[in-house]
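Participant: Have a look at this one.
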Amino acid sequence: MGDMANNSVAYGGVKNSLKEANHDGDFGITLADVRALMELRSTDALRKIQESYGDVYGICTRLKTSPVEGLSGNPADIERREAVFGKNFIPPKKPKTFLQLVWEALQDVTLIILEIAAIVSLGLSFYQPPEGDNALCGEVSVGEEEGEGETGWIEGAAILLSVVCVVLVTAFNDWSKEKQFRGLQSRIEQEQKFTVIRGGQVIQIPVADITVGDIAQVKYGDLLPADGILIQGNDLKIDESSLTGESDHVKKSLDKDPLLLSGTHVMEGSGRMVVTAVGINSQTGIIFTLLGAGGEEEEKKDEKKKEKKNKKQDGAIENRNKAKAQDGAAMEMQPLKSEEGGDGDEKDKKKANLPKKEKSVLQGKLTKLAVQIGKAGLLMSAITVIILVLYFVIDTFWVQKRPWLAECTPIYIQYFVKFFIIGVTVLVVAVPEGLPLAVTISLAYSVKKMMKDNNLVRHLDACETMGNATAICSDKTGTLTMNRMTVVQAYINEKHYKKIPEPEAIPPNILSYLVTGISVNCAYTSKILPPEKEGGLPRHVGNKTECALLGLLLDLKRDYQDVRNEIPEEALYKVYTFNSVRKSMSTVLKNSDGSYRIFSKGASEIILKKCFKILSANGEAKVFRPRDRDDIVKTVIEPMASEGLRTICLAFRDFPAGEPEPEWDNENDIVTGLTCIAVVGIEDPVRPEVPDAIKKCQRAGITVRMVTGDNINTARAIATKCGILHPGEDFLCLEGKDFNRRIRNEKGEIEQERIDKIWPKLRVLARSSPTDKHTLVKGIIDSTVSDQRQVVAVTGDGTNDGPALKKADVGFAMGIAGTDVAKEASDIILTDDNFTSIVKAVMWGRNVYDSISKFLQFQLTVNVVAVIVAFTGACITQDSPLKAVQMLWVNLIMDTLASLALATEPPTESLLLRKPYGRNKPLISRTMMKNILGHAFYQLVVVFTLLFAGEKFFDIDSGRNAPLHAPPSEHYTIVFNTFVLMQLFNEINARKIHGERNVFEGIFNNAIFCTIVLGTFVVQIIIVQFGGKPFSCSELSIEQWLWSIFLGMGTLLWGQLISTIPTSRLKFLKEAGHGTQKEEIPEEELAEDVEEIDHAERELRRGQILWFRGLNRIQTQIRVVNAFRSSLYEGLEKPESRSSIHNFMTHPEFRIEDSEPHIPLIDDTDAEDDAPTKRNCSPPPSPNKNNNAVDSGIYLTIEMNKSATSSSPGSPLHSLETSL
C-alpha cells in the first residue's frame, strides 16, 4: 500500500518533465508490446508483466500515466496517444452503395418477367411482314397501314422505363432506411459513456474518447469498452463468455489474473484499470478485423462464399440476405457465434438466450395474407392469359379460317406477347409487394418519432409488438418512482425518529460508527455533488440508495469525503459487493493494531437476522434477542414500510487482533454476529405522472404488475399510491419466497398449472430476485389460461435482469440507471427511465398496427378493382382497359406512395381507449371488409359504365377492339384517369378503419400525406396531358377532367353511405388475415411448445415439416462447414464479442440478430451436434429442439413463396428483424 503511495508521489513529480521530454510520443512501451501482452491469459500475463515491467505501476510509468491522478487530459497529450495507440473506435463496414441496392431491387421476380416481356415486345415490334401478305395475317396490320407500325416499340420501352422507376423508388427507400439506422447507431454510440479519472477528477467521457493510459473505474454491470490491466479491485468477477465461451465468471485480482478485456461484462465488484489497448487493437477489435469488418479480401471471400451458398440453398437465403439490408459477414459468422459463444451456460440463461421465435405477430399475419393474395393473383393472371390466347386462336384460325403463314408468325407472337404482358400486368397489380414496404416504413417512421418520446428502439419489431402488449411487469425504483432517495426516518440509540435527529441527540460513539460505516461501506463511485444550477437540488451520482445514506451524513453535519480521504479505496481490506443474491454489502477494514472491523448494510430483515447485539441509548452494545428483533420489526420496520419507505439496516463487527486470521472467503462466517448501529427509512417518491399513466394502461386493457426487491409492505404502499392496487380489490401481493413455494411441487420443480393459479391475480411481487422475475414472465407467456397468449413487456436495469428482458416479448432497459448488460438484452431503451414512456410505446405500437390496416384497406380496394377490370376487360374486349405502363403507375401510387402516406399517420390518445388486438385478431376486420367491398363495388360500377357506355356519354370514339399498335384513345384515357382519381380520393377514406365518419380529421397534422396526395394528382395531370403514346394516353378536355374528378370525389360521398350501414347486419362478411387458429396445427406440434410455432409456419402440413427439417439440417451443415472453412482461412478467429454496445453499434453486420452474447444463431440446436467448432459437448437444455429445426426450415419456405409471389426485394418482411 505504502509502496503504491510512494509510486504515485514519485510519479507526480516527474509527470510534467516526462511529458515535455517526450513530445514525439516516445512511450516506453509500443503498440505491438501491448497487443502481445493482452493476448496472454492469467498466469502467462502475470509472468510477462513481472518479467518485462516489474508490475502494473511499471506499465503505468511507461504509459506516462498516474495510477491515482490518471491522465492530465491535455488535448495535445490525448492526440499523441491516439496517434500512437489508435482511437477507441472500430470502423464500420461500408454501407451498401446505391447501385448495390438497385441491383437487389431488380431481383424481384415480377419485375424480371415484365422486363423479359418488354424486351421480347421491343424486338418483335421492329419486324415488318413482307408486303402483300398483310391481308392474310388478319386484322393484325390495320393499324400499320395507317403508319402506326413504327410506334410499336413504345409500349415495350415504356414498360422498361416504368420498371426502372419502380426499382429506383425501392432502392431509394432502402437507402434512406439504411441511412436512418446508421444515424440511430451513432446516436446510441454517443450516448454510451464511461467513468475515467483525469487530472485527479472522476469524470464521464464518451466511450470513443477513452485512450491508452486512461485510468478507468469499473463497476458492477459495466461492459468494458477497452482492454486494460487491473490496478485495484474489490471482489471483481467478469463474464468473459463473449470472448472465451466459458460461462463461469472469472475472478480478477492483482495477484492471479489482472487482465480485463473489452466487450466483457462486470458481473460483480468494482475496481480501477489502466487502459492498454483500444479500438481495433483491443481484443474485440482484433476479432472484428479478422471477421473482415475492415478487410477487402474478406469481403471478396464473403461474396464467393455467398454465391456458393446461394446455389446450394436454392436462393432461399439470398432473399434472407436481401432482407437483412446490412448483412455482411453475419451469415458467415453465425455458426461460429453459436459454437464457441458460451455453451454449457446455466439453464435459465441458456433458455433465455435461444433466439426469440414468433417474435412479430404482424409479420406472421402479413406473410400469410401476402401469400394468399399472391396465389389468387397468379391464378387470375394465368386464367387471363389462357382466355386471351384461346379467344385469339379460335377467332383467327377457326372462325375466320385463316391459314398459319410462316411470315405472319412474328405478328402472331407479338399478339401472344401482348397477352402475356396483360397477364403479367394483372399479376403486378394483384401482388401486394407494398405490404412489407408499408410495415418497414411505418416502423422506421415510428422508431424515429419514438426517440422524441424517450424510447430508443433497438429492434424494430418490438415497437409493433408493444401495441399488442397485455401485461407490463415493471420495476419499482426509478420507473414508477423518481429514484431520488432521501433518508426521512431513523431508528438510532433505541429511539424511532420520524425526522432526522440533530447530531447532538446521538451518542458520539454511535455517530462515529455511523459516519465511518456509511462512508467506507458505500461504493466510492457514489457521491453527492453540488447542484448544476444555483438553488437546484444536489446531484446524486452512482447508486441512489447509497447517495441517500451519504445525504444522511450531510444532514448530520458530517462529511463523508474526509473519511474517504483518510481511508482511500485501496486501503479497504476486503469488500463483499452488493448483488441481488446477497442483498447486502460489507467492507472489511484492517486496523493498525492488526484487528479487523467489518461494516455491513443491507435490507433490514436480512441484516437484523445476523445481528446478535444492538447499540443502546447510552452508546453501549447490548444483547439483541430474537424477541427484540420481532419488536423492532413490528414497531419500526413495518410502520416505515407501510408508508412506502425502503428500510436499510447498518451494522458492524470487530475481529480482535489476537485471534487467528478469519477465513475471508467464507462469507457466511464473516457476516454474522453483527452489532446493529441503526435502521433507516428511505423515501423514494412516486413520479407524479405515473398514476395517470397506469390508469391509461388499465383502460387500454393492459395489466401492470410491480416486481421489486423491496419488502412487501413498502411495495404494497407504493403500488397503492401508483394505482396498481385499489383498496378492497381481491389481488395478490406475494414475496419471492412465498411465490416460489406456491409454484413449485414437492421436488422443487416449477409447475405451469401452479403458476396459472397465481399470475392472473398477482399484482405485486416483492423481495424478488431476477430469477423470480424471469420465472414470472415465462409463466405468463407460456400460460394457456386465457384464450389469447399474453404479450408481456418487462422493465429491467440490473445485470441479472438479462434473462427476463430476453424472455419477454418486449424488454425495456433503463437508459439512466440501467447497466450496459441490461441494455444489451433489451429491445427498447427508456432514455428517461420513466413509466409514461412505456405508455407512449404502446400508443406507437398500436399506431403501427392501425397504419398497416389503413394501408391494407386502401391497397386491397385497388387490387380487387384493378384485377377484375383487367380480367373482365381482357376477356370481353381482348385488351386490358388499363395498359401495362398505366398499371405500373397505379402500382406505384398504391404501393410505394400510399404506404408512405398512410404509414406515417401520427398516433392519437384514442388508441388507448380500446383493448389490445390480441394475437389472433385478423388484420382486416369486418368493418374494413365492408369498406373494401363497398368501395370496390362503386369503383367497378363506374369503370364498367365508362368502359361499355362511356363513348356514348362523352360522344367520342370507342377504344374497344382497337388493333395492335393503335394510337391511344380518349375513351380508355378517361377510364384510366377516373380510375386513378377514385384511388386518390379513396386514400382519404382509408385514413379511418373503425368506421369513423370524419375522414378529414387531423389530415393536416400529416404533411407527408397531403404532399403525396397533391403530388400524385399533379403527376397524373402530366401523364394524361403529356404522356402520349408511352402511357397510352390522349389529352382530355376540361369537361372530361371535371367529370373524372367528380366521379373520383364520389368515393368520399359513397364512403359516408357505407359507414351508415351497421357492420353487425352484414352477417356474410368474413374477416381476413387471421393469426392461425389452433385446430390448424398437428397435435404433436402443439405438444412441443404451442406458442413457439410461427403463424405462417402453422399452415404447413406435417410431411412438409419433416421434409424441411431434413433440408434445413443439410443447409445448416453446409453453413457450419463454410464457416469452419472460413475460420481456417481467416486465422482461426476467436468467437467475437458482439456484446459491447459501442462495438455492436458500429458494426452493421451485427445489427441483424442483435448482439446477445451466447445465442446459438443457427436457428436450431440440432445443428450444434454437427458443429466441428463446438467446445463443450453438453446439449443445450432447449425445451423444443425439434421445433427449432422446423422453425428455420419453414422460414425458408415462406421466403421462397414470397420471392415467387414477388415481394419487393429490398424490403421483404424479414427486413423488420433488422436490429437497431
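In case you wondered, yes, glycine gets a Cβ from its N, Cα and C as well.
Below are the features listed in Swiss-Prot for this protein:
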- D475: active site, 4-aspartylphosphate intermediate (ACT_SITE)
- 1200-1220: compositional bias 'Polar residues' (COMPBIAS)
- 297-356: region 'Disordered' (REGION)
- 1100-1117: region 'Calmodulin-binding subdomain A' (REGION)
- 1160-1220: region 'Disordered' (REGION)
- 106-126: transmembrane segment (TRANSMEM)
- 155-175: transmembrane segment (TRANSMEM)
- 367-386: transmembrane segment (TRANSMEM)
- 419-439: transmembrane segment (TRANSMEM)
- 856-876: transmembrane segment (TRANSMEM)
- 883-903: transmembrane segment (TRANSMEM)
- 928-948: transmembrane segment (TRANSMEM)
- 972-991: transmembrane segment (TRANSMEM)
- 1006-1027: transmembrane segment (TRANSMEM)
- 1040-1060: transmembrane segment (TRANSMEM)
Participant: The residue listed as 'active site, 4-aspartylphosphate intermediate' has how many other Cβ neighbours within 10 Å of its own Cβ?
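Facilitator: So the Cβ neighbour count for the residue listed as 'active site, 4-aspartylphosphate intermediate' comes to 25.
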Participant: At least three Cβ pairs under 8 Å linking the transmembrane segment (1006-1027) and the transmembrane segment (155-175), pairs spaced 6 or more in sequence?
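Facilitator: Answer no: the transmembrane segment (1006-1027) and the transmembrane segment (155-175) share fewer than 3 Cβ pairs below 8 Å.
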Participant: Is the transmembrane segment (367-386) in contact with the transmembrane segment (928-948), using at least 3 Cβ pairs under 8 Å (sequence separation of 6 or more) as the test?
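Facilitator: Output no: the transmembrane segment (928-948) is apart from the transmembrane segment (367-386).
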Participant: Can you see whether the transmembrane segment (419-439) and the transmembrane segment (1040-1060) are touching - at least 3 CB pairs under 8 angstroms, only pairs 6 or more apart in sequence?
Facilitator: no
Participant: In the same chain, which residue numbers or ranges, 6 or more beyond the ends of the transmembrane segment (972-991), come under 8 angstroms Cβ to Cβ?
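Facilitator: For the transmembrane segment (972-991), the sequence-distant neighbours (Cβ-Cβ under 8 Å, at least 6 residues beyond its ends) are 854-855, 857-858, 861-862, 865-866, 869, 881-883, 886, 889-890, 893-894, 898, 901-902, 905, 931, 935, 938-939, 942-943, 946-947, 950, 954, 956, 959, 999-1000, 1003, 1009, 1013, 1016-1017, 1020, 1024, 1032-1034, 1036, 1040-1041, 1043-1045, 1047-1052, 1055.
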Participant: Sequence-remote contacts (6 or more beyond its ends) of the transmembrane segment (856-876), Cβ cut-off under 8 Å?
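Facilitator: Counting only partners 6 or more residues beyond its ends, the transmembrane segment (856-876) has Cβ contacts under 8 Å with 369, 373, 377, 380, 383-384, 387-388, 391, 419, 422, 425-426, 429-430, 432, 434-435, 438, 882, 887, 890, 894-895, 898, 902, 923-924, 928, 931-933, 935-936, 939-940, 943-944, 947, 979, 983, 986-987, 990, 993, 1073.
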Participant: Cβ under 8 Å to the transmembrane segment (883-903), counting only same-chain residues 6 or more beyond its ends: which ones?
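Facilitator: 114, 155, 158-159, 161-163, 165-166, 169-170, 173, 421-422, 424-425, 428-429, 432-434, 437-439, 441-442, 445, 851-852, 854-855, 858-859, 862-863, 866, 870, 972, 976, 979-980, 983-984, 987, 990-991, 1006, 1008-1009, 1012-1013, 1015-1016, 1023, 1030-1033, 1208.
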Participant: Let me spell it out: take the transmembrane segment (155-175), skip the flanking residues so only those 6+ beyond its ends count, and list any with a Cβ under 8 Å from a Cβ in it.
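Facilitator: Distal contacts: 96, 98, 101-102, 104-106, 108, 111, 114-115, 117-122, 125, 325, 421, 437, 440-441, 883-885, 888-889, 891-892, 896, 1029-1032, 1208-1211.
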